[in-house]
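Asks: For reference, TrEMBL lists these features for the protein:
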{"type": "COMPBIAS", "residues": "18-35", "note": "compositional bias 'Low complexity'"}
{"type": "REGION", "residues": "18-37", "note": "region 'Disordered'"}
{"type": "REPEAT", "residues": "205-235", "note": "repeat 'PPR'"}
{"type": "REPEAT", "residues": "236-270", "note": "repeat 'PPR'"}
{"type": "REPEAT", "residues": "272-306", "note": "repeat 'PPR'"}
{"type": "REPEAT", "residues": "373-407", "note": "repeat 'PPR'"}
{"type": "REPEAT", "residues": "408-442", "note": "repeat 'PPR'"}
{"type": "REPEAT", "residues": "509-546", "note": "repeat 'PPR'"}
{"type": "REPEAT", "residues": "547-581", "note": "repeat 'PPR'"}
{"type": "REPEAT", "residues": "648-682", "note": "repeat 'PPR'"}
{"type": "REPEAT", "residues": "683-717", "note": "repeat 'PPR'"}
Amino acid sequence: MVVLSTLTAAPTIAHDFSSPNSSTAFSSHPPSSTHLAPSISQSTVRIHRAANTNQKDPSLENLRDLLHGRVTSSGYASVIERCNSLPMGRQIHGHVLKKGFGGHEFVGTRLLQMYGRCGSVADAELVFDKITIRNVYSWAGIFTVYATSGDFDKALVLFRDMLLEPIALEFFVFPVILKACTGLNALEFGKQLHALLIKGHFVTNIYVGNALIDMYGKCGCMDDARRVLETMPEKDTVSWNSVITGFAANGMVYEALKCLDTMRLSGNVTPNLVTWSAAIGGFAQNGYDSEVLELLQLMQETGVEPSDRTLASILPACARLQNLSIGKAMHGYIVRHGYMSNSYVVNGLIDVYRRCGDMSAAFKIFSKFSSRTAASFNTMIVGYCDNGEIRKAKELFDQMKLVGIEQDTVSWNSMISGYVDNEQYSKALLMFRDMGKEDIVADSFTIGSILTACANLASIGAGKQIHTCAIKNELQRNKFVGGALVELYCAFGDLVAALAAFSDISERDVATWNVLISGYSKVSNNNQMEVVHQLLDKMEAEGLNPNIYTWNGIIAGLLENGKHKSALRLFSEMQNEALKPDIYTIGMALHACSKLAAIEPGKQIHAHAVRCGYDISGHVGATLVDMYAKCGTIKYAGAAYNRISQQSVVSQNTMLAGYAMHGDWKEGIFLFHQMLAAGLRPDAVTFLAVLNLCAHAGAVDEGRGYFSLMGQYDINPTLKHYTCMVDLYSRAGLLNEAHDLIKDMPGDPDEIVWGSLLNGCIIHGNIEVGEIAAKRLIELDCNNAGNHIMLVNLYATTERWNDLARTWQMINDKGMQKSPGCSWIEDMNQVHVFHASETSHELSDEIYSILNILTLHMRQEGYRVQNKPRPSYKVYEESLPI
């Protein structure tokens, strides 16, 4: 933009307009500085200077001459040059026609230039058509009018017409035509024009060279732009700035930086504000945020201070870095230099504070300095949504209409996506309906967000309606919308519809393929992985390579279907493909080890996490704690917990759950009080772990106290919390108190609650409460043999043999069988899984021989061991891929 403004202000040629046109296509002399005369802007400055110094100015004298009847073509030209008012210009034009200068090429050229400045293309065209003898200045004038108004096609068409006329071309024509080529991205025409410039020896002119560099840069041909710069006999700051701007605009930021260094070392020109701003803007637009700040510092060290426009391009980089201290430093600089009046700078500052989570500071700037545009409102709305303050976002959204600011599509999209991100899916749907009532056209972002809401609400009907809306607006081919449709149908298991939606996407990328592959991975059937591998082959056939997110989606699908061994095997295969696991891959692999209680593979994955530095993150650290706790090594769990760099409620809860699992009352309660002392606010999961600790330790009074403490943190007890308390009372023999608690529960008790009470009755021999619990338990699941077996155990404990026999008879009559017990053991990277009543293990004789020896030792130690016939076991053996 800076280059173009320089070109349009290029000096014009002094010429005798009354001389006949040359018969050749090019003038006989090469362009040189001796032919330059002051431009319009220079004349204006001179007139103002004359007025300020009480000196006579020729233009003012010409105006007086016109008013007194003494008219000349040069007098008209001088007056027209100063005119920037369309009504006044038309009056002068009338005067020109009245005095017989209507067809004069000199005056006519100035008139069409005046109309172009005033934005009246139609008047300029009429003047051009009336000029009887057109010279190069007349043509250049109409070219400029068209190029300035953005009608680049007409400029190029007229340029072709001019080439057929016997007009001597001058250098100042070409920057305008090259600008038209840039506007149309007409690279081939620009190259043809370049050849014409070489043939006519115009290419050595600095203005033409700069325009060529600008054209090639904006058309993406930086090699040609660089060659033009290298062949220019004379280079100025604009030349270098054009190349640097071109590199930056095409994402070649380090080439732009190299060019800037070459410019600095050349010694002929010095990088100015435009130079540095172009380089900084390129780095900012391409996401090199840290480098932007380094360039800013280097720029200031050379003595160049950023302008408000430079700062407007720097602030987005500061916002993405989410470094509040840097943001505050930029804020201070902006205030000291008086840039708070620039709306772009103010909006940039608001964005910095909202990304850093300081919405209070963002709102203060918005209230005091913002120009209150749709952009500033939208920035604040997004900020409140991102920080979970959805109510304030809605208030600001409603305020837009009250203050007369139109709620555009971005405003509606910000609110809808805000509701979705904050899991308020029903409100997102209502917002979408209101958007339709306001006749706001939904775009791809609207449809994509609302489809996510439909998926989370399990509303396939609404999702299909949105799909219809997308087809109506021809948005189903958009990859963002198409990906959301694929995800929606996969969530409901409709893979046929998902594949159809995927086929509609016009330009599929890796991300859209990942959505489809992840969806198929979550389907639980026997040929699942076979289909996934076929999809991977098709993806590669389209020239797209699976990335880490592809593999993560497949592993997540396997875990969702309980195929933990397959997930670990795929984790191993992924590493053989030379793909580096990221933090999410490590977390999922550790989760699989946790489910399998496979500590050896877990240790190896732990070592990998340490090498990558992932073990100190809250996500992986908490998963490590969970894995070691479930594998029975609470010591290692504690060590993993201590490695976490920044403790959160999640990591604290995981460690508390580990202590509860191992019955380590002392360490668990100590950790809970440490958590409170550190100012971390406990949640429902925290109290669930603490109540579990109390239940295992039989700490009734402490359990009551912690149960009451939940109210101080505005936490309503759930069914699981009541279950813990029932278990605590039942273990301690407070069976009536446990029964009363069940009756006072806000919801209906489930099997686990009644089972805990019945188990307590069996331990303490309470037949009265036990029968009540057993009756409720059997009512909830009458076909579960385990519930009847517990009743049998209650009768055996209380020596109610007749009732025991009756219950056994009922079990036999119904043909119920208790689900066989299952256990497994890991040995030498192999997991042996045992099911009761089966004897297929090849080492079953040795196993039972050892079991008999252990039974004998237990009896010698005084333990009661029940004599049972030797069961049979079916054993599944599978090697882990670690």
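Backbone N, Cα and C define each Cβ position, glycine as well.
What TrEMBL says about a protein is an automatic prediction, not a curated fact.
Would you situate these features in the structure and describe their surroundings?
Replies: Under 8 Å from some Cβ of the repeat 'PPR' (205-235) lie the Cβ atoms of residues 3-4, 6-7, 10, 31, 171-172, 174-175, 178-179, 181-182, 185, 187, 190-191, 194, 197, 242-243, 245-247, 249-250, 252, 255, 268-269, all in the same chain and six or more residues away from its ends.
Residues of the repeat 'PPR' (236-270) grouped by DSSP class, helix first, strand second and coil last, total 27 helix, 0 strand, 8 coil.
Long-range Cβ contacts of the repeat 'PPR' (272-306) within its own chain (Cβ-Cβ under 8 Å, at least 6 residues beyond either end) map to 2, 237, 240-241, 244-245, 247-249, 251-253, 256-257, 260, 263-264, 313-314, 316-318, 320-321, 326, 337.
Beyond its flanks by at least six residues, the repeat 'PPR' (373-407) meets 343, 346-347, 350-351, 353-355, 357, 359, 362-363, 366, 414-415, 417-419, 421-422, 424, 438, 440 of its own chain at Cβ-Cβ distances under 8 Å.
Counting residues 6+ beyond its ends, the repeat 'PPR' (408-442) has Cβ neighbours under 8 Å at 374, 377-378, 381-382, 384-386, 388, 390, 393-394, 397, 400, 449-450, 452-454, 456-457, 459, 462, 469, 473, 475 in the same chain.
Across the repeat 'PPR' (509-546), DSSP classifies residues as 26 helix, 0 strand, 12 coil.
Distant neighbours of the repeat 'PPR' (547-581): 510-511, 513-515, 517-518, 520-524, 528-529, 532, 536, 539, 588-589, 591-593, 595-596, 598, 601, 605, 608, 612, 831, 878, 880-882; these residues of the same chain sit at least 6 beyond its ends, with a Cβ under 8 Å from one of its Cβ atoms.
Residues of the same chain lying 6 or more positions beyond the ends of the repeat 'PPR' (648-682) and with a Cβ under 8 Å from any Cβ of it are 618, 621-623, 625-626, 628-630, 632, 634, 637-638, 641, 689-690, 692-694, 696-697, 699, 702, 713, 715.
Listed as Cβ neighbours of the repeat 'PPR' (683-717) (distance under 8 Å, sequence separation of 6 or more from its ends, same chain) are residues 649, 652-653, 656-657, 659-661, 663-665, 668-669, 672, 675, 724-725, 727-729, 731-732, 734.
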Asks: Using DSSP, how many residues in the repeat 'PPR' (272-306) fall into helix, strand and coil?
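Replies: Helix, strand, coil within the repeat 'PPR' (272-306): 26 helix, 0 strand, 9 coil.
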Asks: Near the repeat 'PPR' (236-270), which residues from the same chain, at least 6 beyond its ends, have a CB less than 8 A from one of its CBs?
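Replies: For the repeat 'PPR' (236-270), the far contacts come to 2-3, 6, 206, 209-210, 213-214, 216-218, 220, 222, 225-226, 229, 276, 278-279, 281-283, 285-286, 288, 291, 295, 302.
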Asks: Reported in the order helix, strand, coil, what are the DSSP residue counts of the repeat 'PPR' (683-717)?
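Replies: DSSP composition of the repeat 'PPR' (683-717): 28 helix, 0 strand, 7 coil.
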Asks: Using DSSP, what's the helix, strand and coil tally for the repeat 'PPR' (408-442)?
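Replies: For that range the per-state counts are 26 helix, 0 strand, 9 coil.
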